[in-house]
Every structure is written in C-alpha cells, then in structure tokens.
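Asks: Annotation source TrEMBL lists active site, nucleophile at B:Cys79. The active site annotation in TrEMBL covers B:His181, B:Glu183. The domain 'Glutamine amidotransferase' annotation in TrEMBL covers B:4-196.
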Amino acid sequence: MLAKRIIPCLDVAGGRVVKGKKFKNIQDVADPVKLAKRYNQAGADELVFYDITASNEGRDIFLDVVESVAAEIAIPFTVGGGIRTLEDIHRVLRAGADKVSLNSAAITNPSLIKESALKFGSQCIVLSIDAKQTEQYKWDVYLNGGRKHAKLDAVEWAKQGEALGAGEIVINAIHTDGEQLGYDLNLIHLIASSVSIPIVASGGAGSINDFLEVLKPGLADAALAASVFHYNDIPIPQLKKHLYNKGIEIRSERI
Amino acid sequence: MIAIIDYGAGNMKSLQFALNRKGLECCVTTEKKQILNSTAMILPGVGAFQDAMTTLKQKDLINTIKDETTKGKPLLGICLGMQLFYETSEEDGEWEGFGLLKGKVSRINYTVKVPHIGWNTLHMQRSSSICQNIPNNAFVYYVHSYAVKEYAYNSLVASTAYGGTIPAIVQQDHIIGMQFHPEKSGNVGLQLLANFGEMIS
C-alpha cells in the first residue's frame, strides 16, 4: 500500500531558508542544504523548496541550492516559486529536482500546466493553490504569494488543474498558515473528494494530532509543514512513529 | 566506470550523485566507445517508451547494449529503463523493446490512481545478491503508469501491490530491472545501487 508522506517545506530567499507567518514577517532560519540533509536523515519522505526571491541573481543562487541539495539527499524533491515558462521548468529539473510546483503562472496562463505535463509528464507537474476562506463553505484562490485575489474558486481550480494534466495538488490554506492550529480539514476534504490525483495539505500544522487528522481516509495523501519541523517542535521520527501506531501507512527505513 | 546511457531522459543528476555516494564511478554517455569500455551499464528512467527506443535506435546503441549484455556485462534498467528490456510495450501504441527478457509492458489497472507515485513496499519473492541487506517490505519510491506483465515468473525477485502485483525487481543472471527509482529511495535505494556495484567484477 502507498505510504502517506510527510513533507518539510523550505522557503528559500538569497540562498537561506526563511519563515514567515500568514505569508508575512519573514525571518532567517537556516542553511537549505544542511536542513535538507537533516530532514533526509530524520525520515522525511519528500522535500519542497520554494524560491521566494524575485530577482534574477536570486534565481541563479536558488538553482545552485537545488543542485547542492540533489547531491546530498536521495529522496524526491519539488521546486516552486517564480516558475513561469517551460524553460524555467527544464532548468530546475536539470539541476536535480524531481517535480515542479506551479502557482501564480498557472493562474495567468493555464496552458502552462498542459504544455509542461505533455513535455515532462504529469508526474512532475504539481499545481500549488493558495486558498483563503471567504464564506463558510467557500474558498477563493490567491496569487502572488497570497497578495492578489484571483477571482477563482479553489475547488473549481483544482478540478481544472487535474483536467489540464497536473499530477498532484498542494493546498495552502492562507488563513491557517503559520497559526499552528491545524489544517483546514473542510477545504482538504472538499478538494480531495473533487479530484482523483494526490492531495498535499499545507498551512496550519501545530501538533502531531493535526497530522493524524489530515492524513485520515478521504483527506490528504501527504502533509506539508515548515515551522514545526524547522524549530524541531515536532521531530519527524516521533511524528512518523505516532502516525504508524495510529494505523496510518507510513514509510520506515530499517536499514 | 559505469556507463549511464543517455537517451534524453530527465533527471540523471540524482542517479550520478547516488552512485558517487556509494563510491561507484560513473559517466553519462551516448558514446559507443565509452559503453564498450565500461564495467557495467545503466539504462535510467523517465520519459516515454517510444521516444526512448527511437533515440537509442538513432544513436545506434541497441545492438551495442545487447552485445555487451550477451558478453556478460551487468546491466541495470531503472523504471522505463527496465521496461525497455521486454519484448513489447502498449504505451501509446504498440512498440518493440530490446527483447532481452520475456514479457510485455502495459498500463497499470484502472482500478487505482495512475500514475503510481510515492513510497510503496518491496515484497521479496526470492533471495538474490541484489537484495542483500534489504529487509522485506522496505519502502522504495515509485513513479510510473505502466508495468511489466506476462513476465517469466522465475525472473521475479521482488514485487509490490498496486492494483495487482507489479514486478518491482526482476533479474535474469546479470540483467537487473528496478521499476522504482533507487536513486530516490533513501538508504534502501543507495544500498540496492551498492549491491549492483558488487556485481561488477
């Protein structure tokens, strides 16, 4: 049986891992390669790197980081942030990434999903959706790091992304991001039951129980988090052991 | 020197890094001479069956790889690289493969989500030096939509369960196939690559 995945997420700016709250108050945390190695050893199932710098110089530094990470770890990793063209995708895959995560560029140019899925395969195209709750059972999509309202319904956008060829969907709940009060289970459930590709839940993990809840049947296939892992509030081995004991299918490395 | 045969497949850097970490020297090549001088060959994964066969034909490498294998040189196929060993594939049509092993490649059953992406287990079916120090039910990382069927049962070393039984590791003498990506499978994957390295005399 396929194992549920635990995915630490590293926001990278100027070659360093940083962390904010509700997409603001960015603080320096660590060296990305060192942190990636630590997570690899701790049993993370996958890693995600977001390039949150916008400049061209920042972009080249980031590609160096991707290559250094690929040299040090032997687990899959996804790269996102500022990816706008097929050439951008080609560059990060060549640097050693396994998947790319498309966000704002896919909203302004949905054909990017289709073209990239045809060229590189659906398995490496991840659609990342930043969603914010606007009514009790309604979530809207935002772009440009949560700053701009996209006038798109999150569930509809997820369905469209799947139809265009995305192989996986990451749901970042802006309203729960950095709050450590748990994932938005209603949103995750709604999207998981609307598409048939894997769902990665993001935004809000604060306790081991939050992971247990979001990985239950009918919800997420993977859980992504940043702060709780960066500051070691939740050590990954302990988290995975707990999930395993609660009957969640989890990968262990007994070698 | 292990020759990683470049047929335009995606991320080969991770495979090179993984081999290097196990102290195995390798190069990425399409040069016949380098393949002839290599101690072992790897056909890496990612891409489409037809594209891969067409590229290998254009570069006139199919007979080179087959001849070297017949002479006893170890050959490892990863993911699509393993599928190329078989007689035919039904991926977007009907295509001929290397025919080194008996069997055909067809789509994973429609009863499960396709592609099969993520960490799944290795159920050991028989003992082999390629699985030395690998515990039964160890997790490895899979990314594929097609799988090998109608294969010779005695070639099956390990399988996984996903919409039926999927051959995960196959072996016929010094020809080894891995449906998953050992270079992305953590320490288990690195150990499997090291075991392949042990086959090189």
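For all residues, glycine too, the Cβ spot is worked out from N, Cα and C.
Note that this is a predicted model, so its numbers are computed, not measured.
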Asks: Which of the three DSSP states, helix, strand or coil, fits B:Glu183 (active site)?
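Replies: B:Glu183 (active site) sits in a helix per DSSP.
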Asks: Far apart in sequence but close in space: which same-chain residues, 6 or more away, have a Cβ under 8 Å from B:Cys79 (active site, nucleophile)?
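Replies: For B:Cys79 (active site, nucleophile), the qualifying residues are B:Pro44, B:Gly45, B:Val46, B:Val143, B:His144, B:Met178, B:Gln179, B:Phe180, B:His181.
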Asks: Counting Cβ neighbours within 10 Å across all chains shown, tell me which of the active-site residues B:His181, B:Glu183 comes out on top.
Replies: B:Glu183
Asks: How does the model score the domain 'Glutamine amidotransferase' (B:4-196) in terms of mean pLDDT?
Replies: 94
Asks: If you run the three-state DSSP split on the residue listed as 'active site, nucleophile', which class comes out?
Replies: coil
